[in-house]
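Sequence annotations record features per position, and here TrEMBL assigns substrate binding site to 39, 188. The ATP binding site annotation in TrEMBL covers 115, 161.
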Ligand code: ATP
Ligand code: TZP
Ligand code: MG
Ligand code: MG
């Protein structure tokens, strides 16, 4: 059975500590996919919620000291209970505060999957790459080598997204090429993707790389179909149709359209 079918069958509870921009979109996207979102950051409850969840997703998009503490508590609880843990290091590198926070998070907990744009991932592992706010800037370097180095350094799956997506555990590397440029015109499509990766990891049974590859492919195919169905209308219509497609894309449809290449 595909991981997508498993998500829809088991309706995994996904604990999100995320930013104020995307909380609603992420919750709706997870619901549309077939998962069960739980957005919660109170120190009094995050340890318990992480422990009872099937995956925990940490996102530093609008970070502050309270949220960082929430993430440390939830992340350590996820580690203690064997719950897959995703980190989206939004804007790492944009300020020294963000860079320091992401580095503290990866040092104090074992991440299962790190998902960000190229600049964010570079800055998490102390490499420089220009960044403009929360969007990747121009940079020079080999994205595949960077992803593999990050995966080995952090002992986790690393997903670097952009026009093409790199997914690696440091040994095996895939390129997923589905998607559509209009994804860059809707805020939170990266953040929702990180939450969707969490839902796939929740049903992965430890096959994190395989589940992440399928998540990226599924997400890109849903975006392509939504873009086709809203051609000429714009990001508002696309956003609504994209949520629809997170529900309607079946394993058969995404397998037929998925474009994945294994590099090593
Ligand atoms: P950024 O802030 O740099 O936009 P992000 O966190 O929003 O980063 P993205 O890299 O935009 O994340 O990835 C979100 C989704 O959009 C992924 O599925 C990715 O494949 C897709 N995507 C991003 N840019 C393009 C593009 N030019 N063409 C096709 N798909 C894209
Ligand atoms: N500002 C702080 S977090 C955020 C913005 C615009 C959302 C970023 O979302 P994404 O998925 O990285 O585009
Ligand atoms: Mg984007
Ligand atoms: Mg992002």
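Quick reminder: no glycine exception, Cβ is built from N, Cα and C everywhere.
Recorded features from TrEMBL, shown on the structure.
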residue : record                 : Cβ contacts under 8 Å, 6 or more apart
39      : substrate binding site : 16, 17, 18, 23, 26, 27
115     : ATP binding site       : 86, 87, 88, 158, 159, 161, 190, 193, 194, 197
188     : substrate binding site : 21, 22, 25, 26
Of 39, 115, 161, 188, binding-site residues neighbouring ligand 2, Cβ under 6 A: 188
Contacting binding-site residues, sequence order - 39, 115, 188 vs ligand 1, Cβ under 6 Å: none
Per DSSP, three-state class assigned to residue 188 (substrate binding site): coil
Other CB atoms, at most 10 A from the CB of residue 161 (ATP binding site): 25
